[in-house]
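Colleague: Not my notes, these are from Swiss-Prot:
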- R105, H123, W205, L235, W236, N237, G264: ATP binding site (BINDING)
- N237, D260: L-alanine binding site (BINDING)
- H627, H631, C744, H748: Zn(2+) binding site (BINDING)
- 1-23: transit peptide (TRANSIT)
Amino acid sequence: MAVALAAAAGKLRRAIGRSCPWQPFSTEPGPPHGAAVRDAFLSFFRDRHGHRLVPSATVRPRGDPSLLFVNAGMNQFKPIFLGTVDPRSEMAGFRRVVNSQKCVRAGGRHNDLEDVGRDLSHHTFFEMLGNWAFGGEYFKEEACSMAWELLTQVYGIPEDRLWVSYFSGDSQTGLDPDLETRDIWLSLGVPASRVLSFGPQENFWEMGDTGPCGPCTEIHYDLAGGVGSPQLVELWNLVFMQHYREADGSLQLLPQRHVDTGMGLERLVAVLQGKRSTYDTDLFSPLLDAIHQSCGAPPYSGRVGAADEGRIDTAYRVVADHIRTLSVCIADGVSPGMSGAPLVLRRILRRAVRYSTEVLQAPPGFLGSLVPVVVETLGSAYPELEKNSVKIASLVSEDEAAFLASLQRGRRIIDRTVKRLGPSDLFPAEVAWSLSLSGNLGIPLDLVELMLEEKGVKLDTAGLEQLAQKEAQHRAQQAEADQEDRLCLDVHALEELHRQGIPTTDDSPKYNYTLHPNGDYEFGLCEARVLQLYSETGTAVASVGAGQRCGLLLDRTNFYAEQGGQASDRGYLVRTGQQDMLFPVAGAQLCGGFILHEAMAPERLQVGDQVQLYVDKAWRMGCMVKHTATHLLSWALRQTLGPTTEQRGSHLNPERLRFDVATQTLLTTEQLRTVESYVQEVVGQDKPVFMEEVPLAHTARIPGLRSLDEVYPDPVRVVSVGVPVAHALGPASQAAMHTSVELCCGTHLLSTGAVGDLVIIGERQLVKGITRLLAITGEQAQQAREVGQSLSQEVEAASERLSQGSRDLPEAHRLSKDIGRLTEVAESAVIPQWQRQELQTTLKMLQRRANTAIRKLEKGQATEKSQELLKRHSEGPLIVDTVSAESLSVLVKVVRQLCKQAPSISVLLLSPQPTGSVLCACQVAQDATPTFTAEAWALAVCSHMGGKAWGSRVVAQGTGHTADLEAALGTARAYALSQL
């Protein structure tokens, strides 16, 4: 009822819109502003043609792990195109839609990052104007006429400046030319000379390797204006989704057709403002002016290539584009980080910093100062920019400052190192590697090479490649499955340390961190002295040289050594007084009270050196989040499974946590869901986490205290969530029965809110009685929930298709194949485990129903075909013929039906397939001679066709390939007659 009313209301709005005189989109003299161009597009489709205005989706894809960023206007509507939209959702009611979508193309399949700045058109962020018609609301004629009306009558583009293209067809796939679209353009008055046809590469759009697709028509603008040869740029692409690309490459017609159009706002504005470059429009000119005013560089002049002396204009374009991308992404919740989309954004920011400082000589804080200009130009269309402007500027400025500091330190290291080099010496690879380490200075290697090039020094690239390979091998060795190559102190080394009187390592500084009111953690540095050094082979040495991997013993450290299931810290150390040279620390191991740091020495290091240690904040925070989450998970399991539930082990790193629990069976779907809800409740309350060392004997007073079968130090550290440790130790306290209280030496959050969320993504039984759970937290957990929701919608859509019934076998097989694909996705996707179990149960039931439907259709088809064959072969003991069959299963059923209705007849049928293969099935009569077997009969025929056969004395089947079916049928008849 609601959908019908909405459709009626839409028709009424469109009728009113057509009856009202259309107002020009700009009454002001001069070229239109970019904002007016955007507004005119949206209002044209909304007010005149009854489209629903849908806000832009965030650039962070929702429930689509295949994308780093939203890179096209159609991304948010993929559930409609794929038929997976939730029928209860608002999107299910979309019929005709218009919007302006924020898009980012940097990383992944569509990556324009390295092209930005080099020419006058590429952008990492752009706006895609689009209108859509779903389910056949309208199609080619209306889409083309509306586009032509908007461009020529509203925007006022001269018709003689516009060219169009259409799909010329494809002989390989059997697709005919899209003459319908051609004729539409001709009927709209486009001269035949400006209506061009192209093949599938230019004018056939596909979503991916499989999925909806169809011919498209492009509208091009002639920059030359009829003077000389045309200079065409694509303006608008109108896609007519009417096909579906199957996994085998074949095309099927879609049950519902859709229109998907896209026109880049930046290019459209350039055309309407009479500019050759998008950077010359008012979408960018405020930014370019602000850059000029802040940097004092020569004004932007639009030069490229060799004409752009000093790469000044290139830098202008890079900075203007990248600050837009950064602002939009951060406003949408994507911040610079260390993996995935955040890592790409970090590259974008550092690329902008490089050009602004190295080329434009911009002052510190420059990039952050441009954020208000971005808000001014885009904020009216995307209010989230203004809402988050302070956050955006702060994050940009912080990362800019961090990178500038890294650059300054890097330059000093390079200067000092270069002074030591001879005239023909190469720059040491180990120093360059130290500069480029992710998480420390983080200077891209190409920038290191550029800085060296400016000094006339070449980098030891061969050595750098060796270090990269060595580091990759070492990281692989650090994996859980391969631990044997780690530096470690054996019993002899420990004895020697004791003999020399070297004290064990004081690692209490690892707990030296604070939580600020804004939610940020601060980790203090640690001053220490080198007490002992070990070579890569484990031999004690007095010093190590440049490029050597080594082990260090210090008198004290703030690094957490791997223990208690928590991965060790990473970071770096510097010699006191020589802050510029970083010694990367890959990990720390606890060996008999001594903490051995695994490091790479970029230059000489010796016993007695004073050093300062810095932990990798992001890595440490990741471990703290996962460790606190592990405690909450342990408590939630006890709340769900009972107070006697025991932990049997755990391991965590910044990416995920693993938890082994004693259970006789795997957790049920409801238990998994309950465990997560307990954790979410505590996280949502942002409870404080208390940590305190107490005498080991006192911990015996705590009823319900969680501890493992380990030897604990005395005093021991108690970690309590929401309840002060002193209160938990009280004689009458029941705190540990109602919250998480554990003995633990790990590093933890100071409040639970930073966990964000927890999702159990995997469950398996290690051995009888022990279940292993895998879990993730924070944004990863939220993403898993989004993917799970998206997959659930796809399964619901498949269920709906199954309920509607299949008209024919091909459709039934497609549905069965789709259910099989969903089953595979549900098995491997990173989604909540409880949801995986629910989906697998549903999909198993759907697959059974789909198979039943296929068997029913096959039986009906077999009955029909067998009756036709009996009419044609009413006499004689033999039926040898061809028949169309969708599969070998159908062909076998036809043969059996024939023999059931005529037991005295022997039957062999061949069925040619579109792929060129030939299916074969046969059955001999009940009274056939003992020498006449179905298997031998099928083998004789299939061998003739260059194939194979299998079966029994009574029934057999096979496959082959032949261009001469009559010859194959002749072979079948001759063999059978020889046996009768």
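Quick reminder: no glycine exception, Cβ is built from N, Cα and C everywhere.
Describe the structural context of these features.
Modeller: Annotation note: W236 (ATP binding site) sits in a strand segment as assigned by DSSP. Here the Cβ of W236 (ATP binding site) has 23 other Cβ atoms within 10 Å, regardless of which shown protein chain they belong to.
N237 (ATP binding site): 19 other CB atoms within 10 A of its CB, across all protein chains.
Classification of C744 (Zn(2+) binding site) by DSSP places it in coil, neither helical nor stranded. Around C744 (Zn(2+) binding site), the same-chain residues six or more apart in sequence whose CB sits under 8 Å from its CB are G564, H627, H631, R717, V718, V719, listed in sequence order.
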Colleague: Pop the Cα-Cα gap between H748 (Zn(2+) binding site) and H123 (ATP binding site) into the table, whole Å please.
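Modeller: Given the Cα positions, H123 (ATP binding site) is 42 Å from H748 (Zn(2+) binding site).
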Colleague: Could you measure between W236 (ATP binding site) and D260 (L-alanine binding site) for me? Cα positions, answer in whole angstrom.
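Modeller: That comes out at 11 Å between the alpha carbons.
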Colleague: Would you kindly give the Cα-Cα distance separating G264 (ATP binding site) and H748 (Zn(2+) binding site), rounded to the nearest Å?
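Modeller: Computed Cα spacing between H748 (Zn(2+) binding site) and G264 (ATP binding site) is 48 Å.
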Colleague: Between the binding-site residues R105, H631, where is the Cβ count within 10 Å the lowest?
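Modeller: Across R105, H631, these binding-site residues, the one with fewest Cβ atoms within 10 Å is R105.
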Colleague: Neighbourhood of the Zn(2+) site (H627, H631, C744, H748): other residues with Cβ within 8 Å of the Cβ centroid, in order?
Modeller: T628, T630, V689, V719, E742, G746, T747
Colleague: Could you give the Cα-Cα distance between D260 (L-alanine binding site) and N237 (ATP binding site), in whole Å?
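Modeller: Given the Cα positions, D260 (L-alanine binding site) is 8 Å from N237 (ATP binding site).
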Colleague: Determine the Cβ neighbour count for H123 (ATP binding site): the number of other Cβ atoms within 10 Å of its Cβ.
Modeller: 26
Colleague: Per DSSP, to which secondary structure element type does G264 (ATP binding site) belong, with helix, strand and coil as the options?
Modeller: strand
Colleague: Within 10 angstroms of the C-beta of D260 (L-alanine binding site), what count of other C-beta atoms is obtained when all protein chains are considered?
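Modeller: A count of 26.
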Colleague: When a 10 Å sphere is centred on the Cβ of G264 (ATP binding site), how many other Cβ atoms does it contain?
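Modeller: A 10 Å sphere around the Cβ of G264 (ATP binding site) contains 21 other Cβ atoms.
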